Amino acid sequence: MKHVLSIQSHVVYGYAGNKSATFPMQLLGVDVWALNTVQFSNHTQYGKWTGMVIPKEQIGEIVRGIDAIEALHLCDAIVSGYIGSAEQVEEIVNAVRFIKSKNPNALYLCDPVMGHPDKGCIVAEGVKEGLINLAMAEADLITPNLVELRELSGLPVENFAQAQDAVRAILAKGPKKVLVKHLSKVGKDSSQFEMLLATKDGMWHISRPLHQFRKEPVGVGDLTAGLFIANLLNGKSDIEAFEHTANAVNDVMTVTQQKDNYELQIIAAREYIMQPSSQYKAVKIA
């Protein structure tokens with residue numbers, strides 16, 4: 001069994017951060033160690049919430065606590081998602097380095113949560129800079145959306161060709177794999193939901209239906225990152241992991257749309273997470 005330390009937000013009600021990622025990874029047979037960066041009543045897109053950002057010291061303390069019981073070397077991957085403060089970025093990077101000193105084969109997937117194409121950058125002051133200057137160089141895999149693709153690459157991204165250039169620029173900065181979770185308005189077809197995967201071996205594009213909602217569900221990127229790393233840990237190739245992730249997420253979105261719900265219907269769609277009914281294929285473009 002593979003083990004993942006998932007350092008993300010937690011919501012008591014609904015699905016975002018670790019609530020979106022943990023159960024799907026477990027469904028794929030991965031043991032998840034959930035370490036929460038915030039604990040909120042619900043996700044922030046409701047416009048009101050209660051809760052707190054977890055003190056930065058707790059991240060390192062918890063990781064050292066796992067090491068104290070001689071279990072840290074079992075960690076096969078670290079996932080970081082929504083980060084509540086700039087100080088947490090440094091703590092997470094230190095934790096990644098410490099874990100890799102115990103298990104040099106451990107992977108670090110950085111989901112560089114900064115914002116949304118329609119909302120801009122919405123994280124706390126200093127988080128964006130920490131992700132760009134610290135986390136990206138440590139990451140083996142990174143999973144930006146359109147906003148994050150622009151910020152991480154430092155390049156304008158207004159069309160499909162520029163998106164490919166930005167992905168190549170990020171690869172040159174350290175990560176071995178770049179998964180663009182959603183190309184949004186710079187994809188090839190605005191009526192579709194499009195993703196990119198780039199490695200040293202090339203670049204692949206996948207397109208699936210763009211589901212319409214009265215209110216767009218939150219947590220899709222967290223689900224995507226979790227499924228991708230779980231598939232890789234289970235021995236799937238990059239392309240197999242990419243396709244399974246895209247298809248499973250599409251099925252979750254279909255079930256969520258059918259139930260007309262603002263929250264991702266992860267439990268209702270659990271069978272599709274394990275065995276997607278969608279069969280969209282990745283196409284090599286470079």
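Cβ coordinates are placed from backbone N, Cα and C, and glycine is handled just like the others.
In the three-state DSSP classification, D222 (substrate binding site) falls within a helix. The substrate binding site annotation in Swiss-Prot covers S9, T44, Q45, D222.
Its Cβ taken as reference, E148 (ATP binding site) is surrounded by 28 other Cβ atoms within 10 Å in the chains shown. When secondary structure is read from DSSP and collapsed to three states, E148 (ATP binding site) falls in the helix class. Marked as ATP binding site by Swiss-Prot on the basis of sequence analysis: D111, E148, K181.
The Cβ centroid of D111, E148, K181 marks the ATP site; residues of that chain outside this set whose Cβ lies within 8 Å of it are P112, V113, I142, T143, P144, N145, L179, V180, G221, T224, A225, given in sequence order. With E148 (ATP binding site) as the anchor, the candidate binding-site residues are S9, T44, Q45, D222, and the one with the nearest CA is D222. For the ATP site listed in the record, the two most distant Cα atoms among D111, E148, K181 lie 10 Å apart.
Comparing local CB density within 10 A for the binding-site residues D111, D222, the maximum falls on D111. Secondary structure at D111 (ATP binding site), as computed by DSSP, is coil. Reported as a whole number, the C-alpha separation between T44 (substrate binding site) and K181 (ATP binding site) equals 20 Å.
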